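Annotated features, as they stand in TrEMBL:
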- 1-23: region 'Disordered' (REGION)
- 112-166: domain 'Chitin-binding type-2' (DOMAIN)
- 168-228: domain 'Chitin-binding type-2' (DOMAIN)
- 247-301: domain 'Chitin-binding type-2' (DOMAIN)
Amino acid sequence: MVHRNRADEDLVVAPGPDDDGEGLSVQDKEIYDMYENTQINVCGNVADGVYLPYVGNCSKYIECENKTIKEVGSCMDLAKDNTDICDPNKPCELGYDPVLQVCTYMEKVQCLPTCESFRLSSFCYDNTCTKYVLCYYGKPVLRQCHDGLQYNNATDRCDFPEFVDCVANDCSATFQPEDIIYLSSKASCSKYYVCSNGHPWEQECAPGLAYNPSCKCCDFAKNVNCTIDAAARNILPYSRTPLRRADIKCPLMGTHFFTHKSRRDAYYYCVEGRGVTLDCTPGLYYDPKVEDCRRPEFVGV
């Protein structure tokens, strides 16, 4: 991520999404690499043996080990080395399926979205639970939720885990059959997940029972220490709300995040001189130290 001094000669009034940006110096999208323009470790909270999709290339995948990237592989390379993967009577175009964590025919794969040229949006980074990709003016930027928060695909921002309930980052695709992985739900005391081939399958205890992680079974609620309160809310995603121009001057070059001038629960996002205002999930505040929204007690820590 590019950080520059906010000297007056470097700043311009941030245009809105309808401005043509004439005269702006925009980096060539063909040479921009999201992974080289971030300090975020994409495998940071991911269990060993979990495979991640590769943003920008549906055939590639990332293998995580010891919380770091072990390998960036390609399904097409696997096809070259293993001729029995593809049907010899049809074209072989393989993609990586992040849900089942396997290489398969491209028409069966739901690839990660791509960033549209003039639209603000975001999408989850599958199998990480805390990572997401923020898009504005066609440029993908890797983002990360902190302090146990998870990315909420329904609201386009970091949120409390009881409103997301993601466990995919702990479902390894390489565990042995005898080592079945059971995971507690973050949204319901009576719900849990069983991991199979890297995919979490949702399970529900019988009425009156709650999932007990100690015995990995459904138990009487009195024996389980679980209190979850996920009240209903109405938060529209960025993609369904009008863009709000940032009332600051944005640097001409690079991507930047700045503290809002008057609100603790909002911040500014600048891309190549264009700026928008983004809101935190209610109950969270923006922390310039991590450049995202956090629980108030962790801001500045």
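In case you wondered, yes, glycine gets a Cβ from its N, Cα and C as well.
In the domain 'Chitin-binding type-2' (247-301), the DSSP tally of helix, strand and coil residues is 3 helix, 26 strand, 26 coil. Secondary structure of the domain 'Chitin-binding type-2' (112-166) per DSSP, as helix, strand and coil residue counts: 3 helix, 22 strand, 30 coil. When the domain 'Chitin-binding type-2' (168-228) is classified with DSSP, helix, strand and coil residues number 6 helix, 24 strand, 31 coil.
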